[in-house]
Amino acid sequence: MKLLIKGGRIINPALNMDIAGDILITDGCIAEIGQKIDGAGAEIFDATGYIVAPGLVDMHVHLREPGLEAKEDIYSGTRAAAAGGFTTIACMPNTKPVVDSSIAVSGIIQRAQNEGVVRVRAIGALSKGQEGKELAEIGDMVAAGAVALSDDGHYVSSARLFQAGLLYANMFDKVVISHAEEESLVEDGHMHEGAISAMLGMRSRPAVAEDIAVMRDVMLAEYTGARLHIAHVSSANAVEFIRQAKKRGVKVTAEATPHHLTLTDEAVIGFDTATKVNPPLRSADHVQALIQGLNDGTIDAIATDHAPHAAEEKDMEYIYAPSGFAGLETSVGVILTSLYHTGQCTLPQILEKMTIGPARILGGEAGVLQPGAAADITLIDPDREWVVDETTFYTKGKKTPFSGQKLKGKAVAVFVAGELIMKNGEVLK
Ligand SMILES: [Zn+2]
């Protein structure tokens, strides 16, 4: 079985490649990349006008399975990923029960093979039940296929436990992912602390809560020499701490979400519960610091923190609604509209953060187009204009702060192991 993806602009950040060319796929793998490949006998996929990129990688997704299938499951979540242009996603362990054992990790991997349409990597919990009291069975989970460890959703309050987790995960060369918000400072807070929260009279989550948490975690990573990844960075000081730590050689990486990179706390003014996220949407100075961090390499990855909820959970008063919304299907459009079309970032920069950046953090094979690699490929039309209509989403979580927005840029085709699984937004399996 031969397939030729013909005539696109191939942007392959891992190899600093940006060329007009073709990709020949045989038996699910990339056989050749180059200009004017002779595709005799191959089926042709016309990519004229499109960007041809490595399959996008999202290292922060909540698939909600097991136990929370009213919000999302592996079937719906992986289809949302495909619709959004992703070929590899990593799912967080804050499910019911928490993924803190090898059997739970195996279960997710097995279910994803049976039900999923994209590759799913499992992240195991750092502590048992994500309770922050006792380390989970890290070695067993890694043996079962866990790619990282995280108590995402919670900060690990005990510095001692977090340090032990860093050291233990590091023995297996796995990264610990921190949800960095000092809990005593964010309890009952619903939005960023600033002029808008004062105006709305809403209890808030100050940026300093994130700063303190990131600072502690970075110091422990430096002390132990272990690998640390900071999830959904949103504050300017946190970006600066990470920047300085990287300069000192600390093994710290970081991600930012499309919403933190493009929205401010002003979005909360209408009390749309879709704007309620942890950490919260911050003010414009924080957003600018994040974009600067993206551009200077402080931030390694763009990750959605896709966190769907059932409609009846989000249709509540703001202070009672759960945090998070479904980000997989709007990520490419939001990022290209707000960062590329405004001239703040280039396409190779953006695609690096959505392919090889996260792939390197998770380890394993993904995020690069090269002969011999699995043909996981995403085609993007950077100029396609579309309006966000959440009723067409594949995810079960229909709430989005981008509802009704006109975006420019969309994933138009996705191949996983050479198989076309999404075309023009429609998932084909
Ligand atoms: Zn989180």
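Using the three backbone atoms N, Cα and C, a Cβ is placed for every residue, glycine included.
Curation does not apply to TrEMBL; its annotations are automatic.
Given the structure is predicted, the values throughout are model-derived calculations rather than measurements.
Residues H60, H62, D152 are given by TrEMBL as Zn(2+) 1 binders; from D300, D305, D315, that same site also lists D305. Zn(2+) 2 binding, as stated in TrEMBL, involves D152, H179; the candidate among H232, H259, H260 given for that site is H232. Binding of substrate is annotated in TrEMBL for H62, L63, R64, N94, N278; the matching candidate from H286, H309 at the same site is H309.
With respect to ligand 1, the binding-site residues H60, H62, L63, R64, N94 contribute no residue with a C-beta closer than 6 angstroms to one of its atoms.
For the pair formed by N94 (substrate binding site) and H60 (Zn(2+) 1 binding site), distance between Cα atoms is given as 12 Å, rounded to the nearest Å. Neighbouring residues of the recorded Zn(2+) 1 site, listed in sequence order and excluding H60, H62, D152, D305, comprise V61, M92, G153, A231, H232, A303, T304, H306, A307, G324 (Cβ within 8 Å of the Cβ centroid).
Under the three-state DSSP scheme, H60 (Zn(2+) 1 binding site) falls in the strand class. Here N278 (substrate binding site) comes close to G153, H179, E181, V186, R205, S323, G324: these same-chain residues lie at least six apart in sequence, with C-beta atoms under 8 angstroms from its C-beta. Our reading of the substrate binding annotation (H62, L63, R64, N94, N278, H309) yields a largest Cα to Cα distance of 17 angstrom. The Cβ centroid of D152, H179, H232 marks the Zn(2+) 2 site; residues of that chain outside this set whose Cβ lies within 8 Å of it are H60, M92, S150, G153, I177, S178, A180, A231, N278, D305, given in sequence order.
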